[in-house]
Amino acid sequence: MIIDSHTHIYEPEFDEDRDNVVQRALQVGVEHCILPNIDLQSVDRVCQTAMQYPHFCSIAMGLHPTSVDKDWEDQLNSIYTYLHKLPLVAIGEVGMDLYWDQSYIIQQRAALEKQISWALELDLPLILHSRDAIAETIGCIRRADSQGKSSGVFHSFTGTEKDLDSILALPNYMVGINGVLTFKKSSLSGFIGKIPLDRLLVETDAPYLAPVPRRGKRNEPAYCTYILEHLSKIFGVQISDIAQQTTENAIRLFRLFKKK
């Protein structure tokens, strides 16, 4: 069994063949995935997809940092109303992004710290987006969670070895690895072997970041297998062992498959 810990198959890119995408995933052993929300407008798509594939999808809810703008507080207030209505497994996708636009950095910081408080209130893990902002993101965690009770995953890790060390210093946080690992210019393979296997998650971030040999195409959960193949070489273990460990990690972090 494989779990895609971060995918957006609710996006319009999958509207014409979503059933086939799910079937292709199941055929290669990807039996479950996590659907992180992005903004208020995507809530309905997330919920509809999870209802259509209840055994395949679990939901996370949050405001993506690149969706933080002048109405961020109104969006947060509206998203908060869903937190007690939906069977969530995480708060996400939330975080900081200093790659695209830094004009809302203060608002991004405030939005993240508010959503960290949601995670603590509901005892849910965080799914963190931290592009070019790992230090900023960790700073928010330390301010909003002074007692160190929060948990989560730094999804789509593309940082430096120093960044990785900073994440690993947070004992309750995991690292999500996706197709970027397979890219020719990626340096990740040189140091991610230091990630403890019990803190590693595999993800696609579909429809984005398709791994080699599918790079440039639309990504999908079935392509977890390419990422696992690379991870098995780095860690020197069988693909089946990496698949089993990352699945166990996802089940533990998100508390999946527990009877309500």
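Using N, Cα and C of the backbone, Cβ positions are placed for all residues, glycine too.
Just so you know, TrEMBL annotations never went through curation; they're auto-generated.
It should be emphasised that the depicted structure is a prediction, and the values quoted were computed from it without experimental measurement.
Taking all protein chains in view, 28 other C-beta atoms sit within 10 angstroms of the C-beta of HIS6 (divalent metal cation 1 binding site). Taken residue by residue with DSSP, HIS6 (divalent metal cation 1 binding site) is part of neither helix nor strand, so it is coil. What TrEMBL lists as divalent metal cation 1 binding site is HIS6, HIS8, GLU93, ASP205.
The divalent metal cation 2 binding site feature in TrEMBL is assigned to HIS129, HIS155. On its own chain, HIS129 (divalent metal cation 2 binding site) has HIS64, PRO65, GLY92, GLU93, VAL94, GLY95, MET96, ASP97, HIS155, SER156 as residues at least 6 apart in sequence with a Cβ closer than 8 Å to its own Cβ.
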